[in-house]
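Database features, via Swiss-Prot:
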- 33-53: transmembrane segment (TRANSMEM)
- 79-99: transmembrane segment (TRANSMEM)
- 105-125: transmembrane segment (TRANSMEM)
- D126: site 'Important in orienting the substrate' (SITE)
- D127: site 'Important in orienting the substrate' (SITE)
- 148-168: transmembrane segment (TRANSMEM)
- 175-195: transmembrane segment (TRANSMEM)
- D193: site 'Could be required for catalysis' (SITE)
- D196: site 'Could be required for catalysis' (SITE)
- 198-218: transmembrane segment (TRANSMEM)
- 225-245: transmembrane segment (TRANSMEM)
- 259-279: transmembrane segment (TRANSMEM)
- 295-315: transmembrane segment (TRANSMEM)
- 347-367: transmembrane segment (TRANSMEM)
- 372-392: transmembrane segment (TRANSMEM)
Amino acid sequence: MQYGLEVSSDVAGVAGGLLALSYRGAGVPLRELALVGLTAAIITYFATGPVRMLASRLGAVAYPRERDVHVTPTPRMGGLAMFLGIVGAVFLASQLPALTRGFVYSTGMPAVLVAGAVIMGIGLIDDRWGLDALTKFAGQITAASVLVTMGVAWSVLYIPVGGVGTIVLDQASSILLTLALTVSIVNAMNFVDGLDGLAAGLGLITALAICMFSVGLLRDHGGDVLYYPPAVISVVLAGACLGFLPHNFHRAKIFMGDSGSMLIGLMLAAASTTAAGPISQNAYGARDVFALLSPFLLVVAVMFVPMLDLLLAIVRRTRAGRSAFSPDKMHLHHRLLQIGHSHRRVVLIIYLWVGIVAFGAASSIFFNPRDTAAVMLGAIVVAGVATLIPLLRRGDDYYDPDLD
């Protein structure tokens, strides 16, 4: 099957094809989506300053610990500013004629706001007073259950091996899969939030990739209302992350806290779930494995870095005879700092690795999967070289002020 755009060696042809996207297929409201995303960014950007002052007054401040990278007390609760941007942008989307039917015929956006409010409440309490792991986990399950109760759940699953194909999930399987993936992504984003700008940047990259994939679904299905929720959810999240990044990039003036990282995880889970639910094998064909697996690959992109870090940490600590959950300064970002990368470069390198997987999966709906895989392979080589360069040039007197 041919997708709407073909990869070509002619750069001008590819650019022209991408520009033609807005004219192909009914109901692809690119301008409205861009406006909604920009609104989320602006509200978040201007709300972050007041939230920073509020966090300082309430005592929601992260004081440096031995294993932390930051060296000065820094306010958190930045997730509140992001949530305000998201709520404002979703309200605007509900008033725009081109996006209104996404609210009338789907509960995706209202579900995200309600579940987001739950996770925001849990996160804010944790940012200020701290919560034990069990209480926090219960809050995450509650927020994920809100999504399921309001109709945001995985209904089909494509398995490309063994001739299985598309599986229609029963209610119990649908609930369990949705809860498991949602809580996993929420915790993955919470786990990776260890460097200035890292979680916000990963949220931005992955949300843009999901939005790109959702726009492709809208184009291919003539503006089917089922594909509005993932497009709106992802572009709103991308805008909120973009608006927060100027305050959070190294050296950060404010941290997003658990309220922010868990909110990003919840919305990414909701966006990928609403993107995956309506996809039909009849629409794309069994051989288009990349397109059918893209929602899962986008989930993998979010979880790739934190899960790799977590697995390495468990192996490292158990081999040393310590608890698998005992803290240390040997996380992936610590190692990248130690080999000679600056704080900013570590963040940018992780952006690159996640972006390769995220945009590689999302672009499968526009480009030939074989060409996409070839480009991804080349990008992986480039990312690998960029990661290892300090080992080749580093001397005993190597120094970078950003490491301080």
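Cβ coordinates come from backbone N, Cα and C, glycine included.
For the transmembrane segment (33-53), the partner stretch with the highest count of Cβ pairs under 8 angstroms, out of 198-218, 225-245, 259-279, is 225-245. Cβ neighbours within 10 Å of D127 (site 'Important in orienting the substrate'), excluding its own Cβ and spanning all shown chains: 27. Each of 259-279, 347-367, 372-392 was scored by its Cβ pairs under 8 Å to the transmembrane segment (198-218), and the highest score goes to 347-367.
Taking the C-alpha positions, the distance from D126 (site 'Important in orienting the substrate') to D193 (site 'Could be required for catalysis') comes to 15 Å. D196 (site 'Could be required for catalysis') falls outside any helix or strand according to DSSP and counts as coil.
Counting only the Cα atoms, the space from D127 (site 'Important in orienting the substrate') to D193 (site 'Could be required for catalysis') is about 13 angstrom.
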